[in-house]
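Worksheet for the structure shown next.
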Amino acid sequence: MAASSLTLFTTLSIMAVLVKAHPPGLMLTIVNNCPFPIWPAIQPNAGHPVLESGGFFLPSLSHRSFPAPATPWSGRIWARTHCHSTSPSHLSCATGDCNSLLACSGHGGAPPATLAQFSLHHGGHNDFASYGVSLVDGYNLPMTVTPHEGKGLCPVVGCRADLLPACPPPLRLLFPAAHGAVVGCKSGCEAFKSDELCCRNHYNSPQTCKPSDYSKFFKHHCPATFTYAHDTPSLMHECSSPRELKVIFCH
């Protein structure tokens with residue numbers, strides 16, 4: 001073998017070993033399977049970086065992947081719907097709106113919105129990724145979280161059901177610009193603002209915060225979700241070192 005060929009072979013062999021020893025880090029993928037565009041939004045918890053500027057446009061039947069931080073990170077992802085641009089950087093949305101910004105830049109979303117919640121790279125050498133789907137702030141779209149290549153208990157969690165047609169009348173969010181269509185299903189807390197339904201003050205404990213008829217509606221259709229402040233969903237997990245966490249809207 002010629003010296004140049006041997007050098008190339010050696011270089012490629014070393015690169016292959018390095019790739020094997022240091023595989024790519026955790027990726028986050030957001031998939032829009034809905035028959036309409038959405039505007040995904042990402043909000044980190046305090047002290048963690050904003051990912052992908054906090055929000056972007058995602059056409060129907062498309063996806064966007066990006067690397068998760070290599071260090072511990074926690075936050076939430078949701079989708080904004082029925083949006084229209086008011087300027088290059090401003091966006092007004094019927095659900096999930098974040099201060100009327102295209103790039104949410106750390107701002108939270110207006111309820112009702114289906115939320116995916118994450119805590120990444122915790123648990124020391126086990127490198128756990130915890131994830132869940134919450135309807136505590138209401139619902140606007142079907143959503144699931146699917147892990148790939150993780151070890152241990154790594155279930156698919158979330159809500160595949162379209163709850164808008166069955167949403168109880170007191171919880172319905174109507175959108176006049178869409179001919180009065182139901183575009184969101186509020187939580188009992190958002191609809192009635194009571195301490196009991198919001199699990200506030202005297203009701204802010206596992207002993208006093210109980211499911212309501214409204215949270216039971218969400219739980220009946222989507223058992224693998226959080227539906228009130230002290231809820232425990234039906235699927236628990238300890239997923240170690242997944243290579244990808246895929247947030248899928250609509251199925």
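Every residue gets a Cβ built from N, Cα and C, even glycine.
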Cys154: disulphide-linked cysteine among Cys83, Cys239, Cys250 [source: TrEMBL]: Cys239
Disulfide-linked residue for Cys199, taking TrEMBL as the record, within Cys185, Cys209: Cys209
Disulfide-bonded residues listed as Cys93, Cys104, Cys185, Cys189, Cys250, least Cβ neighbours within 10 Å: Cys250
Neighbour-count leader, CB within 10 A, disulfide-bonded residues: Cys34, Cys98, Cys167, Cys239: Cys98
Nearest of the disulfide-bonded residues (Cys154, Cys185, Cys199) to Cys83 (disulfide bond) - Cα to Cα: Cys185
Cys83, Cys154, Cys198, Cys209, Cys222 as disulfide-bonded residues, winner by CB count within 10 A: Cys222
Residues near Cys159 (disulfide bond) in space but at least six apart in sequence (CB under 8 A): Thr114, Val133, Leu135, Tyr139, Pro142, Met143, Thr144, Phe218, His221, Cys222, Ala224, Thr225
Top Cα neighbour of Cys167 (disulfide bond) in the set of disulfide-bonded residues Cys98, Cys189, Cys239, Cys250: Cys189
